[in-house]
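Take a look at the structure set out below.
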Amino acid sequence: MTAILERRESTSLWARFCEWITSTENRIYIGWFGVIMIPTLLTATSVFIIAFIAAPPVDIDGIREPVSGSLLYGNNIISGAVIPTSNAIGLHFYPIWEAASLDEWLYNGGPYQLIVCHFFIGICCYMGREWELSFRLGMRPWIAVAYSAPVAAATAVFIIYPIGQGSFSDGMPLGISGTFNFMIVFQAEHNILMHPFHMLGVAGVFGGSLFSAMHGSLVTSSLIRETTENESANAGYRFGQEEETYNIVAAHGYFGRLIFQYASFNNSRSLHFFLAAWPVIGIWFTALGLSTMAFNLNGLNFNQSVVDSNGRVLNTWADIINRANLGMEVMHERNAHNFPLDLAAFEAPSINA
């Protein structure tokens, strides 16, 4: 009896590392994008948790009036936030080593910039990792394309908007009430509700929710029962089964009669493309709108557009919105300026006789 021993070629440590990184047999795929994604998202998450709990007040407006955002400084889960980097820093890169001390770095809101920059890199790498895993498995790349919509939205509020406004202090605070404050101030300064791209985004999000609910309920209502009445219909599905799990003809017939025939998809692939494309395209448009408003290309302005024969203004809903915008604008950053920008923009009258 002859035993043949095959000599395994010795592979370098680097080659084995590369094979492990790109292996689709791992419980969680890492990938080359994951090599960057994991440390950046861990850093952003860790600093966010620490700052949300214990960060000292931040001089957000750069006028020596610190604003408290952490739990240990009097906030709760609703009011708490990681306060954006100070207006005194503007758009300057502000890592820890650029500050004279850790206290100064915290006072100027350094953690916000650290979190946002690492988070941005992390979510971009997550998108790349989705593409990378799809590529390794021989799948099409549309999962990463769909994820690009929330990435674009996050990029708009955390990166593009501060760049357009000239300071990271204008970025969205990392908290619940901070998010709402950002939305209110954004409406006051940019009239976002009257921007067509934001309207498309609203249609995308609400429409996507409606279509998702319609699709899920139709499928659930037209399952092909493989079980008795005494057990759940869900128990009749076997993972990887070749048979259809629901009757698309029945679903098509129901919806076609509920609305009209051509309102219902008879092609499952077209249907699922539509379900993905509708909210993604809507959110793309919203991100694009935010990015244009970052540079003060604002929503449509119909203020005082209706006048009578004597030239008197007849107020419309646009004028009511404008008055609300002015009220919100004078209330935010109360001590940083005395008047809203559009009231302070007029040239002062001459006092010379």
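Including glycine, each Cβ sits where the backbone N, Cα and C put it.
What Swiss-Prot records for His118 is chlorophyll a ChlzD1 binding site, and it gives sequence analysis as the kind of evidence. Marked as pheophytin a binding site by Swiss-Prot: Tyr126. Under the heading [CaMn4O5] cluster binding site, Swiss-Prot lists Asp170, Glu189, His332, Glu333, Asp342, Ala344, citing sequence analysis as support. What Swiss-Prot records for His198 is chlorophyll a PD1 binding site, and it gives sequence analysis as the kind of evidence. Residues or ranges marked as quinone binding site in Swiss-Prot (evidence: sequence analysis): His215, Ser264, Phe265. If you look up Swiss-Prot, you'll see His215, His272 marked as Fe cation binding site. Residues annotated as N-acetylthreonine in Swiss-Prot: Thr2. For His190, the entry in Swiss-Prot reads site 'Stabilizes free radical intermediate', with the evidence type sequence analysis. Taken from Swiss-Prot, the feature transmembrane segment applies to 29-46, 118-133, 142-156, 197-218, 274-288.
His198 (chlorophyll a PD1 binding site) sits 28 Å from Phe265 (quinone binding site), taking the C-alpha atoms as the reference points.
Cα of His332 ([CaMn4O5] cluster binding site) to Cα of His190 (site 'Stabilizes free radical intermediate'): a distance of 14 Å.
Here the transmembrane segment (142-156) lies next to the transmembrane segment (274-288) in space: the count of CB pairs under 8 Å, restricted to residues six or more apart, reaches at least 3. The record assigns His215, Ser264, Phe265 to the quinone site; their largest pairwise CA distance measures 11 Å. What surrounds the quinone site, by Cβ distance within 8 Å of the Cβ centroid and not counting His215, Ser264, Phe265, is the set Met214, Leu218, Ala251, His252, Phe255, Leu271 from the same chain.
Within its own chain, the transmembrane segment (274-288) has Cβ neighbours under 8 Å at 142, 145-146, 148-150, 152-153, 155-156, 197-198, 200-205, 207-208, 211-212, 215, 265, counting only residues six or more beyond its boundaries. Remote same-chain partners of the transmembrane segment (29-46), defined as residues 6 or more beyond its termini with a Cβ less than 8 Å from a stretch Cβ, comprise 20-23, 114-116, 118-119, 121-123, 125-126, 128-129, 132-133, 136. Neighbour counts of Cβ atoms within 10 Å were compared for the binding-site residues Glu189, Glu333, and the top value is held by Glu189.
If you measure from the Cα atom of the residue listed as 'pheophytin a binding site' to that of Ser264 (quinone binding site), you get 35 Å. Non-local neighbourhood of Phe265 (quinone binding site): His252, Leu271, Phe274, each in the same chain, at least six residues away, with C-beta under 8 Å from its C-beta.
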